[in-house]
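Here the structure comes first, spelled out in structure tokens, and everything after it is commentary.
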Amino acid sequence: MPSRVLITSALPYANGPLHFGHIAGAYLPADVYARFRRLLGDDVLYICGSDEYGIAITLNAERAGMGYQEYVNMYHKIHKDTFDKLGISIDFFSRTTNPFHKKLVQDFYTELQSKGLIENQISLQLYSEEENRFLADRYVEGTCPKCGFDGARGDECQKCGADYEATDLVHPRSKLSGSQLVLKETEHAFLHLERMVEPLLAYIDTCYLPEHIRKFVTDYIKNLRPRAITRDLSWGIPVPDFPNKVFYVWFDAPIGYISGTMDWAASLNTPEAWKDFWLEDSTEYVQFIGKDNIPFHAAIFPAMELGQSIPYKKMDALVSSEFYLLEGCQFSKSEGNYIDIDTFLDTYSLDKLRYVLAATAPETSDSEFTFMDFKTRCNSELVGKFGNFIHRVLVFAEKNGFKELAYSANLLEDQDKQFLDRAQQIVRDAQEHYSQYSLRKACCAIMELAALGNVYFNDQAPWKLLKEGLSHRVEAVLFCACYCQKLLALISYPIIPGTAWEIWRMLSPKSLQLDSLDKDRVVDLWNRELLNFSEEVFSLTAPQLLFTIVD
């Protein structure tokens, strides 16, 4: 029976363009998993959206001379366009300024407050008398209290790496006006996370976590402390009965997964449909993030959910990536270590990029994108193994007049059957890799199947069989090779969907009925592809090159 699967990726911050690190970490893995689960025939909903509040947005909007809403509107569109260009198959891309978000965030707060999990406290914060407002860390710079570097940020020193509170800076000043700042008392609401340690530990024991982060998550939960969830800003979700305060972005943003699903349901004129995913325990909920977001998704948001009387679905699996670097350094547009995605796609095909990002995904440790590795993988793997297998078989078939290939049991020899059995086993291996969220291993399975096909075609040498007048054997070999290609397209589709579709188009297998499929959301195909192949017929069309050499 099909499963209902909810997939979410960390909401991208509407404060700048996306780069390869974002895509390889949280969005391509989620897209690949969504495509895989759709292939299995499951009821999949992939929700994402723009995170549109927070200090960094107000700071950069002011620097750009733009209104806050105008600024986030710009990046909401940019991000959506980027995901579309990259083939990230998000079912609905919402935003935290959606019409459902404000009330839902305030309801979360009110419920937590009523249960004694939120209390107000007085604290000292940096205040600009010239600007007449409190300034949070992103607005502040000064002298690092650890190394003495002048120009350190309000939350960490970019020179020595120390982290601290903005109030620890020596000679703090406003980034906007340059004015000196003073300490002034202010009141904030604090979420008492330390009161949720036991239920959080019990919950996290039931949740899939990559083994390399489980200890970190457990230790983090055991050491939870009260955390301020309000800010002195004008841009954000207003806090009920607390004048001039808005919610800290990391209190409101995760609730955007729920409000975004409400937004999706409303867009379909089925306003209650969100409940099928968020209020049904049978839903399988998988969350994809980068490692810098682990505390918020593994502890803070689950604590907020546990504090609600409405039984919102909590994640069943947290898939966290490590950092993805560019030539060994962090992506940084301001420091010139950056690749513009649009410019890159003007030169290289989308599936080349998707494949290399998947093959080098930072799953258990930091990894990097390098142009040399990109070139090597494209030329050696995509062209030399994958593309070569597809092209040589189909060109040989066309050149020698084989347009219709049908199964014939009496023509298959033992080596053919062994080849097909091994091909099907690799498909089952790929299914296991996708189920365990490993893009790297899935890429290895793809190349293993392509290599298997190449070896089989070489060993059978149909060009020799043709010279010997054994056309019946040639037909059997071509059928087996094309069946392998059909399976190769299947296991490739989650990662390189455009290429997989092109293979299916050239093979025109009777079993697929391509006209009835949605190219961008192929569904319910995986198990059917592994069924008995005895009724399959291929109607071959003119072969096209799938990949070209990268110079």
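Note that Cβ sites are derived from N, Cα and C of the backbone, with glycine treated the same way.
These figures come from a predicted structure and were not determined experimentally.
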Stated Swiss-Prot location of motif ''KMSKS' region', expressed as one of 305-309, 330-334, 365-369: 330-334
Where Swiss-Prot places motif ''HIGH' region' among the ranges 12-22, 144-154, 155-165, 408-418: 12-22
Helix, strand and coil counts within the motif ''HIGH' region' (12-22) (DSSP): 3 helix, 1 strand, 7 coil
Neighbours of CYS144, CYS147, CYS157, CYS160 excl. site residues, C-beta within 8 Å of centre, Zn(2+): PRO145, LYS146, GLY148, PHE149, ALA152, LYS159, GLY161, ALA162
CYS157 (Zn(2+) binding site), number of other Cβ atoms within 10 Å: 20
For LYS333 (ATP binding site), the number of other Cβ atoms found within 10 Å of its own Cβ: 12
Cβ atoms near CYS144 (Zn(2+) binding site) (within 10 Å, other residues, all chains): 23
LYS333 (ATP binding site) versus binding-site residues CYS144, CYS157, CYS160 - nearest by Cα: CYS157
